[in-house]
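Asks: Sharing a structure, written as structure tokens. Questions coming.
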Amino acid sequence: MGCSRNCGLIAGAVIGAVLAVFGGILMPVGDMLIQKTIKKEVVLEEGTIAFRNWVKTGTDVYRQFWIFDVQNPDEVAVNSSKIKVKQRGPYTYRVRYLAKENITQDSENHTVSFLQPNGAIFEPSLSVGTEDDMFTILNLAVAAAPHLYPNTFIQGILNSLIKKSKSSMFQNRTLKELLWGYTDPFLNLVPYPVATTVGVFYPYNNTADGVYKVFNGKDDISKVAIIDTYKGKKNLLYWSSYCDMINGTDAASFPPFVEKTRILRFFSSDICRSVYAEFATEMNLKGIPVYRFTLPSLAFASPRENPDNHCFCTEQVISKNCTLYGVLDISKCKEGKPVYISLPHFLHGSPELAEPIEGLSPNEEEHRTYLDVEPITGFTLRFAKRLQINILVKPAKKIEALKNLKHNYIVPILWLNETGTIGDEKAEMFRNQVTGKINLLGLVEIVLLSVGVVMFIAFMISYCACRSKKVN
């Protein structure tokens, strides 16, 4: 009877030890299986989860606009007063709903090239008004004239055309005209060939961004979705390449197994450059653990603080010897037009930027850019890209509409929030196919290891107690 009991205890201890060992072995084996599966599914090739979502996003992406409506245009034009603005919005469009086109795999270089079609559909239910709402805004053509034609003789000729067209420093335009284009009456009178259609995002609909060429990750998963080359707008291509501003992904995804210490770099042709985001915090999005990465203030710092921004300091006066921070001059990739980008309401900007503008109220929570990335796959499951479009206006003695200005203005035109969140159905599928399986495997590993250790210890204690009684 004693022998049988001892054998049973020893057998139990052995089983416990086996379970513990098996659980310990399963952990690295399980991690290897997870990595193998993830590495297979994030490759950008036909049949993978990543490819299906990459060709056409399953997430609804919206671009919201807030327009800075000028309240005192005559005061500014006559007395060079502070510009009083009133923010109006949001006006919402659905974007990025079109599938990528001309997708071509290069098996030799392990890249895939494509075009990204552009399209915008107005969403009345998500907007405060209609596309016909009217705004008082800066006259884009008049403001740009002295930058594009610095010669005073040419400016004199342009001034006569501006007066003849009854144009001034400010104008009234509908939302649709401001965003997507209108025929400018001043430019329409210019006697030599010039583009007469003006708009903040003109041309956009029925155009395409690219050609992009990105690594598909087939040979090296650490490079998946990272841009190899970009053959888009001519000025952007030359300038961004020269300034080393094309790097990273398009922010829809990143190479898998994202660590908190990683810097996420992503490219946007809207702003003619790549920017980067740093880890901020862990979050839970619809039952999926994600890492939130945010755009740091250093991204818009002066070149003296951030040498990466040296290409955005194009002159010494406006930039105050390259010490101005919070705005980036992108005129070189906008055909010379005096376009500056910033965070909304000049968030993290030099105080002198907002000094001549009344009505701004920067807010970190509302105006920052962030990405919520699932760390195992590298997929971006929620994001908010927030930017402000500004135009530089300078005094011009030969142009009557601008001759009374006493100083330069960087005038905010609008700011946008492009945002997308994984839908409930996609989130459930993601939990079932990715995080659910990983969590289940992890639970099995822990249970086997824990049960094995407990059984081993319990049976060994019982065995020792039994042996002690037998000796006594």
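Using N, Cα and C of the backbone, Cβ positions are placed for all residues, glycine too.
Straight out of TrEMBL:
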type	residues	note
TRANSMEM	7-29	transmembrane segment
DISULFID	Cys243-Cys311	disulfide bond
DISULFID	Cys272-Cys333	disulfide bond
DISULFID	Cys313-Cys322	disulfide bond
TRANSMEM	440-466	transmembrane segment
SITE	Tyr463	site 'Critical for TLR4-TLR6 dimerization and signaling'
CROSSLNK	Lys469	ubiquitin cross-link
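Looking at the shown structure, can you explain where the listed features end up?
Replies: Counting every protein chain shown, the number of other Cβ atoms lying within 10 Å of the Cβ of Cys272 (disulfide bond) is 27.
Neighbour count (other Cβ atoms within 10 Å of the Cβ, all protein chains): 17 for Cys322 (disulfide bond).
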Asks: If you count Cβ atoms within 10 Å of the Cβ of Cys311 (disulfide bond), leaving out that atom itself, what do you get?
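Replies: Result for Cys311 (disulfide bond): 20 neighbouring Cβ atoms inside 10 Å.
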Asks: Out of the disulfide-bonded residues Cys311, Cys313, Cys322, give me the one sitting nearest to Cys333 (disulfide bond) by CA distance.
Replies: Cys311
Asks: Just name the most isolated of the disulfide-bonded residues Cys313, Cys333, going by other Cβ atoms within 10 Å of its Cβ.
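Replies: Minimum Cβ neighbour count within 10 Å, taken over the disulfide-bonded residues Cys313, Cys333, occurs at Cys313.
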Asks: If one measures from the C-alpha of Cys313 (disulfide bond) to the C-alpha of Cys272 (disulfide bond), what distance in angstrom results, rounded to a whole number?
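Replies: So the alpha carbons of Cys313 (disulfide bond) and Cys272 (disulfide bond) sit roughly 14 Å from each other.
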